[in-house]
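Novice: Copied straight from TrEMBL:
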type	residues	note
DOMAIN	A:66-110	domain 'NADH-Ubiquinone oxidoreductase (complex I) chain 5 N-terminal'
DOMAIN	A:126-418	domain 'NADH:quinone oxidoreductase/Mrp antiporter transmembrane'
DOMAIN	A:606-670	domain 'MrpA C-terminal/MbhD'
DOMAIN	A:679-761	domain 'MrpA C-terminal/MbhE'
DOMAIN	A:790-912	domain 'Na+/H+ antiporter MnhB subunit-related protein'
TRANSMEM	A:77-97	transmembrane segment
TRANSMEM	A:242-264	transmembrane segment
TRANSMEM	A:270-291	transmembrane segment
TRANSMEM	A:298-316	transmembrane segment
TRANSMEM	A:322-346	transmembrane segment
TRANSMEM	A:408-428	transmembrane segment
TRANSMEM	A:493-516	transmembrane segment
TRANSMEM	A:597-616	transmembrane segment
TRANSMEM	A:621-641	transmembrane segment
TRANSMEM	A:647-665	transmembrane segment
TRANSMEM	A:685-703	transmembrane segment
TRANSMEM	A:746-766	transmembrane segment
C-alpha cells in the first residue's frame with residue numbers, strides 16, 4: 001500500500017463515525033477499527049522490504065515552488081512508530097467503545113481520535129519537513145479537541161487549553177528551527193537533510209536551529225520545564241490519555257529527535273542540552289509520581305519520567321544508546337498503554353481514581369489485578385519483563401559515559417529508585433492490602449471488550465521480556481538502523497552477568513521497596529514541603545499576557561472610531577516615515593512635464609472644491625455637489641494622462657455614487673452639528689495635514705523617479721493583440737491576463753450588493769420598520785415629483801443610452817470601454833427612468849430581478865472560464881477569432897467577450913440592487929406611489945392642511 | 001505638472017483624513033470617498049504621468065518600442081478599484097442609514113455605557129463567567 005494512502009486512511013476513517021453513528025456505537029467503532037486495521041496491514045506488508053534495508057517512498061508535488069511536497073517515506077523508524085500508532089490505536093478504539101457511556105457523543109470522539117491518528121501517522125511518514133510541520137500542528141489541534149472532549153468539565157477545558165498553548169508555541173519555535181535547518185541543507189526533504197550532516201553541524205546557525213527544534217520536541221514530549229501540561233491533560237477520558245501518553249502525542253517529540261538524530265546528534269551542544277534535560281525530567285517526573293494520589297496523575301508523571309529517560313538516551317548520541325532508546329519506546333508503549341487502560345477500568349468500576357480510597361482490589365478484580373501488576377512490574381524494571389531489559393540498557397549506557405559525565409549514573413539510579421517506588425505503589429496501594437467496604441461503587445472486573453486490549457499488551461510485555469530478539473529484535477534493529485543511519489544488529493539478553501548496570505538496578509529495586517515502606521512519613525513531608533505549582537505560574541503568566549493585550553487594544557480601540565482611525569493614520573505615517581529615512585530612494589531622473597493652462601484650471605477647481613468641501617461639509621447637500629466637482633476633476637485627470645478607460649469609469653461611478661448618497665440623505669439629517677471642541681478639530685486637522693503632506697510627498701517622489709524594476713506591462717503590451725486579441729490593453733488585462741482577479745472582483749461586488757439587500761430586509765422589520773412607517777421628513781417635498789420634461793426626456797433618451805451602453809461594451813476589447821463601463825452606463829440609463837417616472841412605474845416595466853442579474857453575471861464569467869477546460873487549457877484561458885458575415889465588415893469574436901458580459905451583468909445588477917434597496921426604504925417610509933407617470937404629489941399638502 | 005498632481009493628491013488625502021475623523025457617519029462617508037479619489041489617483045500615478053499615449057495598440061507587430069504607450073497595468077488595477085470602492089461606499093452608506101433609522105442618531109462612536117468592560121480577574125472559565133459572557 002502506498003505510504004500516502006496509509007497516511008490518508010485515518011482521515012478517511014474520520015469521516016465515517018459522523019455518517020454511521022446513527023446506526024449505533026458499535027458500527028462507528030467497527031468502521032474506525034477497520035480503517036485502522038487496513039492501514040496497519042498496509043504498513044506491515046512493507047516490513048519484509050524494510051527488514052532488507054529498503055526505504056519505501058511516495059512523492060507528490062504539492063507546492064513545488066516553496067519545496068512543500070507531499071513526500072512520504074517508510075523506513076524502520078516510521079515502521080516502528082506506525083505500528084505503535086495504528087496498533088495501539090486499534091486497541092484504544094475497542095476499549096473506548098466500552099469505556100464511554102451512552103451520554104458521551106461517541107461519533108465526535110471517534111472523529112477526533114481518527115483525526116489525531118491521521119496527524120500522527122502523517123508525522124512519522126512525512127519525508128518533507130514542511131509537510132511534517134503541517135501534521136505536527138494538526139496533532140496539537142486534534143489533541144486539543146480530544147483532551148477537551150468532556151467540555152462540560154472546567155478541568156477538561158483548561159487542560160486542553162494549556163496543552164494547546166504549550167505544544168502550539170513549541171510548534172512555532174520548531175517551524176523557525178525547521179526552516180533554518182532546511183535553508184542550511186538546501187532542501188526540505190528529510191532524505192536530503194539526513195545526508196547533509198557535515199554542512200549542518202558546521203553551520204553557524206546550527207545551535208539556533210537545534211535549540212528551536214528542541215523547544216518544539218521538548219514541549220510536545222513534556223520535557224522539563226514544559227512537563228506541566230501533561231498531567232493536566234489527564235482531564236481527558238482515559239482512552240485518550242492512554243493513547244496520547246503512551247504511544248502517540250508525547251512520543252512525537254521523541255520521534256522527531258530520533259528522526260533528526262543522524263544530523264543533529266553527536267555534538268557537545270546536543271549532548272548537554274538533550275541528555276541533561278532528559279535526566280532532569282526523568283528524576284523530577286519519578287519523584288513527583290511517587291507522591292501523587294490520583295492514579296492517572298501517577299501514571300502521567302511516570303510518563304514524563306520515562307520520556308525523560310528516552311530523551312536522555314537519545315542525548316547520549318551513541319548508536320548503542322539509540323538502540324536502547326528505540327527499545328524502550330516499544331516497551332514503554334506496551335506497559336504504559338496497559339497501565340492507563342487498567343487505571344481506566346478501575347476508575348470505571350469503582351468510580352474513583354484516588355489511591356487513598358482504593359486498596360484490596362486483588363480479589364474483586366482479579367483480571368485487572370493480573371494485567372496491572374504485570375505492566376507495573378515491567379515499569380519498575382523487574383526481570384524478566386520487557387521494562388527490565390531496556391532499563392538495564394539505559395543504566396549500562398549511563399554508567400559507560402566518559403569521566404566528566406559520571407554524574408548521570410548516580411542521578412539515573414536515583415530516578416530508577418523512585419520509578420520502582422511508584423510502580424510498587426500502583427500494585428500495593430491499589431490491589432493489595434485489606435479489602436475495603438467503602439468503595440464509591442462496588443467493583444468487579446469489566447466485560448471482555450474492555451480488558452482484551454490491556455491483556456494483549458500485558459502478554460506482549462511478558463513475551464518481549466522472555467524472547468526479546470524473536471519478539472522485538474527485528475523491529476528494534478530496523479528502527480535503530482534508521483535512526484543511526486548504519487546497520488544495527490542488537491542482541492538483547494536477559495542475563496549479562498554481574499555488571500554495573502545490574503548493581504544499579506538492584507540498588508534501585510531495594511531503594512524502591514524501602515520507599516514504599518516509608519511512604520506515609522515521606523508523603524507527609526512531601527505535602528508539607530513548599531514547591532512551585534506549575535499551573536498557578538502558567539495561569540498567572542497567561543493572565544498577565546491577556547491583561548497586557550487587553551490594555552493595549554482597549555486603549556487603541558475603546559469604541560471611539562476617530563481614536564482608532566487616528567492611531568491607524570499616525571502608525572501608518574510613522575512606518576512610512578521610517579521606511580523613507582532608512583531606505584534608499586533612487587535618483588531623480590524624470591523631468592517635470594510643463595504646466596498647461598487647461599489642466600491648471602482643473603487643478604485649481606479640484607483644490608478649491610476640496611477646500612470648500614471640508615469647510616462646508618456640515619451642509620450636506622452642498623458637500624455632495626462639491627464632491628461631485630472633485631470627482632469630475634479626477635476623471636479629467638485620468639483622461640488627460642492617457643487613461644480613457646479610467647476616465648469613463650470614474651465619471652459613471654461618480655454619477656451613481658452621488659445619486660446613492662442623495663437617496664440616503666433623504667433620510668439622514670441634512671446638516672452635521674458641531675460636536676467637537678475646536679482643540680480637537682485642530683488636532684484632527686494636524687493629523688490630516690501630516691497625512692496629506694506625507695502622501696503628497698510620496699506621490700511627488702514617485703513621479704520624479706523612473707521604475708525601480710522593469711515593468712511587467714511590456715509583456716502585456718506586446719502580447720495583448722497576439723495572445724488576447726484586443727487592442728485595448730487595459731481591457732485585455734482585465735478580462736484576460738488578470739481575468740481571475742476580475743472574476744473575484746465582480747463576485748465581491750455582487751456580494752456587496754446582496755449584503756445591501758440583506759441590510760434593507762432587516763431594516764424593513766421590527767423597530768426600524770415602525771420608525772420608518774411614522775417617518776416625518778424634515779423638509780417640505782417638491783409637489784411636482786415627476787416633472788413632465790424629465791419624464792419625456794428620459795424616455796426619449798433611454799434607447800439612445802442603451803445603444804451607447806451596448807456600443808461601449810462591444811468596442812471595449814479594442815477601444816476604451818468594456819463591461820465595467822457599459823454596465824455603469826446602462827445602470828444610469830435605467831436609474832434615470834426610476835428617478836423621472838417613479839419607482840412603481842419603472843419597476844412594473846422591469847421583469848428581471850436584479851439578484852438574478854448578479855447571479856447570471858458570475859455564472860457567465862465562470863462558464864467562460866470553465867469553457868477553457870474542455871480544450872484542455874487552464875481556467876479562463878481565452879480564445880478569439882475573426883469572422884466575416886455578409887454586409888458587415890470583418891469582426892472579432894473572443895471568448896473574453898463572454899467574460900466581459902459577465903462583468904457587465906454583474907455591475908448592472910449590483911448598482912441597481914443597491915439603489916433599488918434605498919427606494920424600498922423610501923416606499924416603506926410612506927412615500928406615496930404614483931399610478932401614472934406624471935402626477936402631482938399632494939400627500940404633503942394634505943397632511944399640512946390637516947394640521 | 002507632477003507638482004500639481006502631488007499637491008492635489010495630498011490635499012484630497014488631508015481632506016479625507018480630516019473628514020473620517022469626524023463623529024457623524026455622513027462626514028465619514030464623504031471622507032472615505034475623498035480618500036478613495038486620492039488613493040486611486042496615487043495608484044494610477046505609480047504608472048508615471050504620460051500625456052497622449054493611451055494604451056490602445058496602434059499597430060499589431062507585437063514589438064513595443066519604449067515610450068509609445070503608458071503603463072496599462074496600474075490603469076487596470078485602478079479601474080476595478082473604482083468599481084469596488086463604489087460597492088464599499090454603497091455598503092457603508094446603507095450601514096450608516098440603517099444605524100440612523102434603527103438608533104435615531106448618526107454618531108459613529110460606541111455609546112459610553114457600552115465601552116466599559118468588566119475587569120479581568122482570572123482566565124479560568126468558571127460557569128459563573130460563562131453565564132455573564
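Please read every residue number as a count from 1 along the shown chain.
Including glycine, each Cβ sits where the backbone N, Cα and C put it.
Note: TrEMBL annotation is automatic and uncurated.
If you look at the structure here, what lies around each of the features I listed?
Specialist: For the domain 'NADH-Ubiquinone oxidoreductase (complex I) chain 5 N-terminal' (A:66-110), same-chain residues at least 6 beyond its ends with a Cβ under 8 Å from one of its own Cβ atoms are 2-4, 6-7, 14, 16-18, 20-21, 25-26, 28-29, 32-33, 36-37, 39-40, 43-44, 46-47, 50, 55-60, 117, 120-121, 124-128, 130-131, 146, 149-150, 182, 187-191, 237-239, 242-243, 246-248, 251, 255, 258-259, 326, 329-330, 333, 337, 341, 344, 348, 446-447, 449-450, 452-454, 456-457, 475, 477-483.
Residue counts for the domain 'MrpA C-terminal/MbhD' (A:606-670) under DSSP, helix first, then strand, then coil, are 53 helix, 1 strand, 11 coil.
Across the domain 'MrpA C-terminal/MbhE' (A:679-761), the model assigns an average pLDDT of 89.
The list of residues near the transmembrane segment (A:270-291) in space but at least 6 beyond its ends in sequence, with Cβ under 8 angstroms from a Cβ of it, reads 210-211, 214, 218, 222-224, 227, 257, 264, 297-317, 405, 408, 411-412, 414-419, 421-422, 425, 515, 519, 522-523, 526-527.
Long-range contacts of the transmembrane segment (A:298-316) within the same chain, counting only residues at least 6 positions beyond its ends with a Cβ under 8 Å from a Cβ of the stretch, are 218, 221-224, 227, 230-231, 233-234, 241, 245-246, 250-251, 253-254, 257-258, 261, 265, 270-271, 273-286, 288-289, 292, 322, 324-325, 328-329, 332, 336, 339-340, 343, 355, 379, 394, 397-398, 401, 408, 412, 415, 418-419, 422-423, 425-426.
Remote same-chain residues near the transmembrane segment (A:493-516) are listed as 290, 380-384, 388-389, 391-393, 395-396, 399-400, 409, 412-413, 416-421, 423-425, 428, 465-466, 468, 522 (criterion: CB distance under 8 Å, separation of at least six residues from the stretch ends).
Residues of the same chain lying 6 or more positions beyond the ends of the transmembrane segment (A:685-703) and with a Cβ under 8 Å from any Cβ of it are 566, 569-570, 572-573, 576-577, 580, 585, 590.
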Novice: What residues elsewhere in the chain lie close to the transmembrane segment (A:322-346), defined as a C-beta under 8 angstroms and at least 6 residues from its ends?
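Specialist: For the transmembrane segment (A:322-346), the list is 77, 80, 84, 88, 91-92, 95, 99, 238-239, 241-243, 245-247, 251, 254, 258, 261, 295-296, 299, 302-303, 306, 309-310, 313-314, 353, 358, 361, 365, 368, 371-372, 374-376, 378-379, 385-387, 389-391, 393-394, 396-397, 426, 430, 443, 445-446, 450-451, 453-454, 457-458, 460-461, 464, 468, 472, 475-476, 479-480, 483-484, 488, 490, 492.
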